[in-house]
Amino acid sequence: MTSALSKQTLLFTTFSLALTRFSYCSIANANVNSSIPAIANYFGTKGRYEEINPYLINDILSVNKSLLKPGCTDCTAIHVTAIIRHGTRYPTTKNIKRMQRLYDLVLNDAMNTDKWLTEIKTKWEMWYTEDMDGKLVEKGRDDHRHLAVRLATFFPSLMSEENLRSHRIRFITSSKHRCVDSIVAFQEGLLNLWKVTEVGPSHEINDELMRFFDQCKKFVDDVENNKTALEEVHRFKASAEMKIVQMKMADQLQVPYNHITPDLVEAAFFLCSYEFAIKSLNSPWCNLFDETDAQVLEYKNDLKQYWKRGYGHDINRKSSCTLFHDLFNRLDKAAHEIRFGHVSEAVTIQVGHAETLLPLLALMGFFKDETPLTADNFDLQHGRTFRTSRIVPYAANLVFVLYDCSEGLRLQFLLNETPLKFPGINHQAPLYNTVRETYRELLHGCNFEKECEPSRPNRNCEL
């Protein structure tokens, strides 16, 4: 039986679509003439890095060194650790299958004769194949080549050819091919910068650090393989907000409402995002959505990341304890060695996944909204700080810079090349001891083995 809410939603949507059809089509036609989709800022983890740093669109190697001022005089950078997400990639096999189903539906059932839809049916071809399965694309290699040059421009004394040759720059990566290919591209960026033709430096594969979530049994049991762990996501997929997006898309295609499922809506959204991220195209698929639709779909994707990688379940962030301790062990080592005038490891480059960065950020208290994200509070969360579109696009990076200053060691944190204050500390580059004190409980606790022990089922013992 249809609920009162569903009936109300259906009546409202049918009426409002009739009123807004002409204006919506005007927006769609306008988008065709723009190289950047109007909804590009809402692609979440499928977003392009340039959308959060738009100055890179005109100059991909542009940097603003003034951002790196620690706020004190007489400071020298002595160590950098960069934790970086892989570059732009192809869709996974699961999403490619969904895209194929959507494309078949459009070819066989869509009745709309608008220009953009005719273009899909007559000119656009389904070129994604299942064997692509998340592999790095050439744009993804460029993401890391260019990032390498920009970071070397930020820190020329640390990311230098001399330090590379003397093995004072260390490279660590996840075993996934898109991460390995990204770190090789990063190394290529450095070698090209210095006009070095010899084979690039080696890298270390370490899934315990860069794919810690796979190693955490409690996370795997309680979240990854637990169907109820993402209940808020499932509820939102059935919400009135999602129903409206589905019906608007069905109206755009002129197909029955029940032909458009949440999965097909997401497939269309992904087609728009992948065509843009990979090919820099404002695809005709983007015309299926306006900004309101994109905000709903972004929230759906943020809900998934929040409950699977962020603050939704405590084990999400605790699974990153190993990476957290590894980071501070490196910083502690550099802090100790600088007393003797030489830091053995000047730079550490670590490449992983969005699933690597988000838990660590949550563990350290970044982007924690006062009100948790749920299926019921979409309208209250427009100003949320947990927006993956802004936090972890392709090639997202967390950069920790340790400075030796006249008044002591200081630590600065950069998110995607922009300084960000540590939670609870009102200084752009606080004293290192202040940062350590802020995270004292985590530094003395947060034991990976203990936190990741699988939950024990309750059993009644018989005597």
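Here, residue 1 is simply the first one shown, and the rest follow in order.
Backbone N, Cα and C atoms are what each Cβ position is placed from, and that goes for glycine too.
TrEMBL annotations: computationally assigned, not manually curated.
When the candidates Cys286, Cys321 are compared with TrEMBL, only one is recorded as disulfide-bonded to Cys272, and it is Cys286.
Cys405 (disulfide bond): 17 other CB atoms within 10 A of its CB, across all protein chains. Listed in sequence order, the residues of the same chain lying 6 or more apart from Cys75 (disulfide bond) and placing their CB within less than 8 Å of its CB are Tyr403, Asp404, Cys405, Ser406, Arg410, Ala429. In sequence order, Pro37, Ile39, Phe43, Ser283, Trp285, Cys286, Leu288, Phe289 are the residues near Cys272 (disulfide bond), counting only same-chain partners six or more apart with C-beta under 8 A.
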